[in-house]
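Presented below is the structure to which this report refers.
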Amino acid sequence: MNATVPFARMNGLGNEILVADMRGRDDRITPEAARALAARLETHFDQIMAIHDAVTDGTDAYIRIVNADGTEAQACGNGTRCVVQALGAQTGQREFLFQTRAGILEAREHEDGSISVDMGRPRFGWRDIPLSEEFADTRAIELQIGPIDAPVLHSPSVASMGNPHAVFWVSEDVWSYALDRFGPVLENHPLFPERCNISLAQVTGRGAMTIRTWERGVGLTRACGSAACAAAVCGARTGRTDRRVTVTVPGGDLLIEWREDDHVLMTGPAQWEWSGTLDPATGDHVRDRQEGAA
Ligand SMILES: N[C@H](CCC[C@H](N)C(=O)O)C(=O)O
């Protein structure tokens, strides 16, 4: 087995992604390697998408999703689009079936280069999120930040897109809240036994909203695809929006459609930046010489 694997640095609307090709091997990217890569400027990332051999007949690959802190996530929308683009560039394949901890996802690259991922069915039960206490109605749960009689943030909607999300509806610009301060408190709140991805969402029309996300295991990101899906379905579920919504994240726009068959379709871009090789045990990496040479 080679000591190193090929990898690409990519981004999905500014969500920083490393795509590592672990096919044909049985080792994993270690949490130590992930943390080492995250700590370096050149390879700083939000998620590593590690492509492993398929474990289920008919699927193209099994994808392990690793957060910057070395923990694993069940779903990553932006990273999945990057995997489609990386594999498509190698083989010309346009349609894929990937397996993740959240289940089997269908993804496809369109003629214009945009990529759609079927993110599956959202779940809203308090055990599905999971929450540590029973809530019969998860459209607005009791949780607040700030003074008891004048909370800054309160009553989020919660949903699982395979991974846990809380969406706080705000009336002011999403940039006017100190998400860097509230994010860590909410991510680790005792109500969320598996921690939580935290978003602020401002609805700007029946088919439009702007969100900002504090990601579990990462921190502030320029984009979070599964959070955009969670915000869109919670928007529709609470009567704030229609089922087809353009979600503007700091890195750009994602189109989210909550289809009649209950599946959530996310469409957006993916961008390759550079490639190299890395050691999955340590995170040591080498960037390909010819790329970016003056
Ligand atoms: N950036 C990802 C989500 C990562 C989620 C992760 N932070 C977690 O659930 O632990 C996305 O585009 O969907």
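Including glycine, each Cβ sits where the backbone N, Cα and C put it.
Because TrEMBL annotations are produced automatically, they should be read as predictions rather than curated entries.
Record features (TrEMBL):
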type     : residues                                                                          : note
ACT_SITE : Cys76                                                                             : active site
ACT_SITE : Cys76                                                                             : active site, proton donor
ACT_SITE : Cys224                                                                            : active site, proton acceptor
BINDING  : Asn15, Gln47, Asn67, Gly77, Asn78, Asn163, Asn197, Glu215, Arg216, Gly225, Ser226 : substrate binding site
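Sequence features annotated in TrEMBL and their locations in the structure.
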residue : record                       : CB count, 10 Å
Asn15   : substrate binding site       : 30
Asn67   : substrate binding site       : 22
Cys76   : active site                  : 32
Asn78   : substrate binding site       : 34
Asn197  : substrate binding site       : 27
Arg216  : substrate binding site       : 25
Cys224  : active site, proton acceptor : 36
Ser226  : substrate binding site       : 33
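Cα of Cys224 (active site, proton acceptor) to Cα of Asn67 (substrate binding site): a span of 12 Å.
As a whole number, the greatest separation of Cα atoms within the substrate-binding residue list Asn15, Gln47, Asn67, Gly77, Asn78, Asn163, Asn197, Glu215, Arg216, Gly225, Ser226 is 17 Å.
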